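Colleague: Below are the features listed in TrEMBL for this protein:
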ACT_SITE  His187  active site, proton acceptor
BINDING   Asp42, Asn105, Val129, Gly130, Asn131  NAD(+) binding site
BINDING   Arg92, Arg98, Asn131, Arg162  substrate binding site
DOMAIN    5-152  domain 'Lactate/malate dehydrogenase N-terminal'
DOMAIN    156-325  domain 'Lactate/malate dehydrogenase C-terminal'
Amino acid sequence: MSEPIKVVVTGAAGQIAYSLLYMIANGDVFGKNQKIILTLLDIPPMMGVLEGVVMELSDCAFTLLTEVIPTTDVAVAFKDVSVVFLVGAMPRREGMERKDLLSANVKIFKVQGEALNTYAKKDVKVLVVGNPANTNALICSHYAPSIPKENFTAMTRLDQNRACAQIAQKVGSDITKVKNLFIWGNHSATQFPDCSNGTVDGKPVTDLVDASYLENEFVTTVQKRGAAVIAARKMSSAMSAAKAAADHVRDWWIGTQSGNYVSMGVVTPKDNPYNVPEGIVFSFPVEIKNKQWSIVPGFKINDFARSKLDITTKELLEEKEEAMAVCNADAKI
Ligand SMILES: NC(=O)c1ccc[n+]([C@@H]2O[C@H](COP(=O)([O-])OP(=O)(O)OC[C@H]3O[C@@H](n4cnc5c(N)ncnc54)[C@H](O)[C@@H]3O)[C@@H](O)[C@H]2O)c1
């Protein structure tokens, strides 16, 4: 057994956290030999609900949980933390586009970035789930300048999982055989789910499924899947979002398998291989070794894909501008 690590989940009284906490405490993210101090952050009106979550975590009798700390205080939550799941935010309701949420949620991520800067370990790994996830991650990183930008990522793994599930169903395959479908750009309706490098059981997806489906119905189904779940459930995706958050952080912690890449929203470095502007949080195919991600170069981007990348880039640049205006800060990140 290794020394316990401190893990924080924000929005801990919410619906995604309700599924996610189980996976973390059960060893599905950090492995079955990693003890965990689990800190649960939420806002004061939710403390009663959070008390019930703490009771249930206790009643699960998880062997890996050494301590559970419910709190409303970011200083308590983020002190010496190793891994943070930033889930807490106002969720999208039926009929709302993610842009509508931006101004309310960006302020939360500014405060949390400042607190991480002051209290967290400098090698803390931060996953932003709360929407608009890419731009929230950017703001969080901006207000935590003492922590490397590489340590802030946004979740597009749910979109990747959705894309893999659609293709597996379309070709009648086991999902474990579907590889290297990627999400480019924003976790929003402008994201580009891309099959052009994907395979099913080693065969190119483009040989198995007709191009018109891949460029039209497939793209819009994945882009609008979150809205379809809201329309059906009257609440946003929770179980699948929690599973994707667990997948994202597990791969970051343990590493990706050779030749099997994953999608992550990361702060775009200068000179990235796909010519995306520097300084936005953009989803790329990445591989992870020794807890460090790197963008996988060399995937083909045809004219159709480039036009899709340009649309999602434009949206992210606009979101960045709006977010910085909300934060009333210098627009230079
Ligand atoms: N990136 C993705 O793929 C993805 C997928 C699904 C949902 N989401 C987003 O995840 C977020 C959470 O969704 P949910 O369904 O769990 O929502 P929820 O409303 O059930 O829970 C959100 C929780 O966050 C808490 N919260 C609000 N402000 C907070 C703050 N400042 N600090 C700590 N906690 C705070 C709320 O009190 C609530 O308990 C939403 O923004 C949703 O849009 C993202």
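In case you wondered, yes, glycine gets a Cβ from its N, Cα and C as well.
Automated prediction, rather than curation, is the source of TrEMBL annotations.
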Colleague: Reported in the order helix, strand, coil, what are the DSSP residue counts of the domain 'Lactate/malate dehydrogenase N-terminal' (5-152)?
Modeller: 67 helix, 30 strand, 51 coil
Colleague: With Arg162 (substrate binding site) as the reference Cα, tell me which of the binding-site residues Asp42, Asn105, Val129, Gly130 is the closest one.
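Modeller: Given the candidates Asp42, Asn105, Val129, Gly130, the nearest one is Val129.
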Colleague: Taking the Cα atoms as reference points, how far is Asn105 (NAD(+) binding site) from His187 (active site, proton acceptor) in Å?
Modeller: 15
Colleague: Where does the residue listed as 'active site, proton acceptor' sit in the DSSP three-state scheme?
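Modeller: The three-state answer is coil.
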Colleague: Using DSSP with the three-state reduction, classify Arg162 (substrate binding site) as helix, strand or coil.
Modeller: helix
Colleague: What is the maximum Cα to Cα distance, in Å and rounded to a whole number, among the residues Asp42, Asn105, Val129, Gly130, Asn131 annotated as binding NAD(+)?
Modeller: 16
Colleague: Under 8 Å Cβ-Cβ from Asp42 (NAD(+) binding site), six or more apart in the same chain: what's there?
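Modeller: For Asp42 (NAD(+) binding site), the qualifying residues are Thr10, Gly11, Ala12, Ala13, Gly14, Val49, Leu50, Pro70, Thr72, Gly88.
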Colleague: Cα-Cα, whole number of Å: Asn131 (NAD(+) binding site) versus His187 (active site, proton acceptor)?
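Modeller: That separation, Cα to Cα, works out to 8 Å.
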Colleague: Relative to the Cβ position of Asn105 (NAD(+) binding site), how many further Cβ atoms are located within 10 Å?
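Modeller: The Cβ of Asn105 (NAD(+) binding site) has 25 Cβ neighbours within 10 Å.
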Colleague: Which one of the recorded positions (Arg162, His187) has its C-beta surrounded by the most other C-beta atoms within 10 angstroms?
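Modeller: Neighbour-count leader: His187.
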Colleague: Using a 10 Å cut-off, grab the number of neighbouring Cβ atoms around the Cβ of Gly130 (NAD(+) binding site), all chains included.
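Modeller: Around Gly130 (NAD(+) binding site), other Cβ atoms within 10 Å: 26.
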